[in-house]
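S.K.: Have a look at this one before I ask anything.
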Amino acid sequence: MNPLIIKLGGVLLDSEEALERLFSALVNYRESHQRPLVIVHGGGCVVDELMKGLNLPVKKKNGLRVTPADQIDIITGALAGTANKTLLAWAKKHQIAAVGLFLGDGDSVKVTQLDEELGHVGLAQPGSPKLINSLLENGYLPVVSSIGVTDEGQLMNVNADQAATALAATLGADLILLSDVSGILDGKGQRIAEMTAAKAEQLIEQGIITDGMIVKVNAALDAARTLGRPVDIASWRHAEQLPALFNGMPMGTRILA
């Protein structure tokens, strides 16, 4: 069975209640299903808190965080350090054997600089599946942060949705993007069950899909096209629905290729 990549984002990393719900659902799922799981995470809220504490400005361009050279070490520490190890601690608490990684480990995801104006922000491309497949075969849960490294040895901050997409392509995995919201909402706040590229374009033009959600939708569309299968955007808030979601039941917005 294809591995399943669960991309975590939003304020989930900031909420003990949410993490408890998520890891309880993961334990339940792993007990009754053989499907290998991989977690990919960002940690924007962890970074924002740290930047605020250090009085450093947070700038975004087209929904992507601008990462100057003097901030990449701080962001790496927040994502590959604090956020990653927090998730490993929760896995340990729930007796899940997990391994913390970043995109460069085992060359799992190749990263190049996306745009000089964004600074240390990386473009993620599929890499080698060997390391993660080896971990999955031995029963481990890989927990992968969205920090990458270029062939020149430059650390890069990668949008976590795009990192998860590249890793899904690497592993031939299915992908779920877990978010704060129950999916993509229309202008009246109602969840849209299915989304095509044409529909997304229309909603972006109408200003209904904005900011970070544009990046999320484009990443999901890119993933659906790359993987040749649908990708789900759903909420982590309803823990009781997560095992069914992990099993392929649509619970949020299903992005069609």
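All positions are counted from 1 along the displayed chain.
Cβ from N, Cα, C; glycine included.
Swiss-Prot lists these features:
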| type | residues | note |
| --- | --- | --- |
| SITE | LYS7 | site 'Transition state stabilizer' |
| BINDING | GLY43, GLY44, ARG65, ASN157 | substrate binding site |
| BINDING | ASP180, VAL181, SER182, GLY183, ILE184, LEU185, ILE208, ILE209, THR210 | ATP binding site |
| SITE | LYS216 | site 'Transition state stabilizer' |
S.K.: Per DSSP, to which secondary structure element type does GLY44 (substrate binding site) belong, with helix, strand and coil as the options?
M.R.: helix
S.K.: Could you list the residues of the same chain, at least six apart in sequence, whose Cβ is under 8 A from the Cβ of SER182 (ATP binding site)?
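M.R.: In sequence order, the residues whose Cβ lies under 8 Å from that of SER182 (ATP binding site) (at least 6 apart) are ARG191, ALA234, SER235, ARG237, HIS238, MET251, GLY252.
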S.K.: For ILE184 (ATP binding site), what is the tally of other C-beta atoms lying within 10 angstroms of its C-beta?
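M.R.: Other Cβ atoms within 10 Å of ILE184 (ATP binding site): 25.
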S.K.: Excluding near sequence neighbours, so keeping only residues 6 or more apart in the same chain, what lies with its CB under 8 A of THR210 (ATP binding site)?
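M.R.: ILE204 - these are the non-local Cβ neighbours of THR210 (ATP binding site), listed in sequence order.
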S.K.: Could you tell me the maximum Cα-Cα distance in Å between the residues recorded as binding substrate, namely GLY43, GLY44, ARG65, ASN157, rounded to a whole number?
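M.R.: This binding site's residues have a maximal Cα-Cα distance of 12 Å.
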S.K.: Taking the residues ASP180, VAL181, SER182, GLY183, ILE184, LEU185, ILE208, ILE209, THR210, which the record names as binding ATP, find the longest CA to CA distance and state it in Å to the nearest whole number.
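M.R.: So the maximum pairwise Cα distance among the ATP binders is 17 Å.
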S.K.: Ranking the recorded positions LYS7, ARG65, LYS216 by other Cβ atoms within 10 Å, which is at the bottom?
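M.R.: Among the recorded positions LYS7, ARG65, LYS216, the sparsest Cβ neighbourhood within 10 Å belongs to ARG65.
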S.K.: Do me a favour and check the Cα-Cα span between ARG65 (substrate binding site) and ILE208 (ATP binding site); whole Å is fine.
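M.R.: Between the alpha carbons of ARG65 (substrate binding site) and ILE208 (ATP binding site) there are 21 Å.
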S.K.: When the Cα of LYS216 (site 'Transition state stabilizer') is compared with the Cα of each of the binding-site residues GLY43, GLY44, ASP180, ILE184, which one is closest?
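M.R.: So, spelling it out, the nearest of the binding-site residues is ILE184.
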